[in-house]
Amino acid sequence: MNNHFKCIGIVGHPRHPTALTTHEMLYRWLCDQGYEVIVEQQIAHELQLKNVPTGTLAEIGQQADLAVVVGGDGNMLGAARTLARYDINVIGINRGNLGFLTDLDPDNALQQLSDVLEGRYISEKRFLLEAQVCQQDRQKRISTAINEVVLHPGKVAHMIEFEVYIDETFGFSQRSDGLIISTPTGSTAYSLSAGGPILTPSLDAITLVPMFPHTLSARPLVINSSSTIRLRFSHRRSDLEISCDSQIALPIQEGEDVLIRRCDYHLNLIHPKDYSYFNTLSTKLGWSKKLF
């Protein structure tokens with residue numbers, strides 16, 4: 001065992017039984033290496049582990065030096081929103097589909113993780129968005145997002161009329177099916193599908209991408225991440241929502257606005273030493289290879 005990490009948390013809710021084998025293999029291996037290991041409560045229950053330290057995501061964030069998320073990007077997003085509040089590093093073993101955020105190969109995870117535990121890794125900070133539903137600036141409901149905050153109708157698709165203010169200055173009005181407000185991390189997710197630009201993770205920027213706008217002049221907009229975005233609605237409807245990372249939904253009631261800004265804290269995401277963002281883009285998005 002080395003001094004880079006002493007206490008390691010294992011998190012991630014598996015959707016398939018095969019993913020549990022990765023959790024169990026990782027737990028046994030870390031224990032054999034002499035690390036203190038905390039297992040997320042649900043995982044410990046499903047693995048039927050007895051007499052092992054367990055904890056919630058918040059407890060793991062408070063006690064561990066490193067959290068290993070086993071699963072796909074959805075698992076990473078769900079865990080990271082909580083873990084980002086604490087001084088903990090996070091890395092992912094991909095048991096999902098694309099795996100933009102979980103870049104350890106499950107077939108070689110132990111070797112790659114061994115290198116990381118010995119200090120051979122790349123560290124980066126990813127900022128989050130904070131979304132508030134408020135009335136006359138009195139906060140009523142709040143959540144955070146690693147990828148994006150999306151304004152959309154609730155149950156039935158329909159056109160939304162709204163105004164966008166940047167730092168309390170009117171930016172534009174729009175009639176569309178919604179709006180995607182994305183971080184650089186989320187620029188390769190829902191935002192990309194809607195025609196938004198890809199932003200490298202180190203950029204301090206936020207993108208605003210319209211969803212099916214009812215005018216050809218509506219285009220994606222990139223603003224500084226220090227800006228505050230306010231959404232106001234011309235026709236008050238009770239079926240509007242904002243969703244955070246497609247996992248948490250906040251309803252918008254009559255007379256309420258939405259405020260979106262960069263969080264005060266960030267996610268400490270680490271990668272293997274040979275990680276390359278552009279290699280990941282090429283592999284995951286099927287970009288063409290070099291010509292010469």
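Glycine residues also receive a Cβ, built from the backbone N, Cα and C atoms like all the rest.
Database features, via Swiss-Prot:
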{"type": "ACT_SITE", "residues": "Asp73", "note": "active site, proton acceptor"}
{"type": "BINDING", "residues": "Asp73, Gly74, Asn147, Glu148, His158, Arg175, Asp177, Thr188, Ala189, Tyr190, Ser191, Leu192, Ser193, Gln247", "note": "NAD(+) binding site"}
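What Swiss-Prot annotates, mapped onto the structure for a quick look.
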{"residue": "Asp73", "record": "active site, proton acceptor", "Cβ within 10 Å": "24"}
{"residue": "Asn147", "record": "NAD(+) binding site", "Cβ within 10 Å": "29"}
{"residue": "His158", "record": "NAD(+) binding site", "Cβ within 10 Å": "12"}
{"residue": "Asp177", "record": "NAD(+) binding site", "Cβ within 10 Å": "17"}
{"residue": "Ala189", "record": "NAD(+) binding site", "Cβ within 10 Å": "23"}
{"residue": "Ser191", "record": "NAD(+) binding site", "Cβ within 10 Å": "26"}
{"residue": "Ser193", "record": "NAD(+) binding site", "Cβ within 10 Å": "11"}
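Cα spacing between His158 (NAD(+) binding site) and Asp73 (active site, proton acceptor): 29 Å, rounded to the nearest whole number.
In this structure, Ser193 (NAD(+) binding site) is part of a helix by DSSP. Under the three-state DSSP scheme, the residue listed as 'active site, proton acceptor' falls in the helix class. In this structure, the CA atom of Ser193 (NAD(+) binding site) is 16 Å away from the CA atom of Asp73 (active site, proton acceptor). Straight-line distance linking the Cα atoms of Asp177 (NAD(+) binding site) and Asp73 (active site, proton acceptor), rounded to a whole number, equals 25 Å. The CA atom of Ala189 (NAD(+) binding site) is located 10 Å away from the CA atom of the residue listed as 'active site, proton acceptor'.
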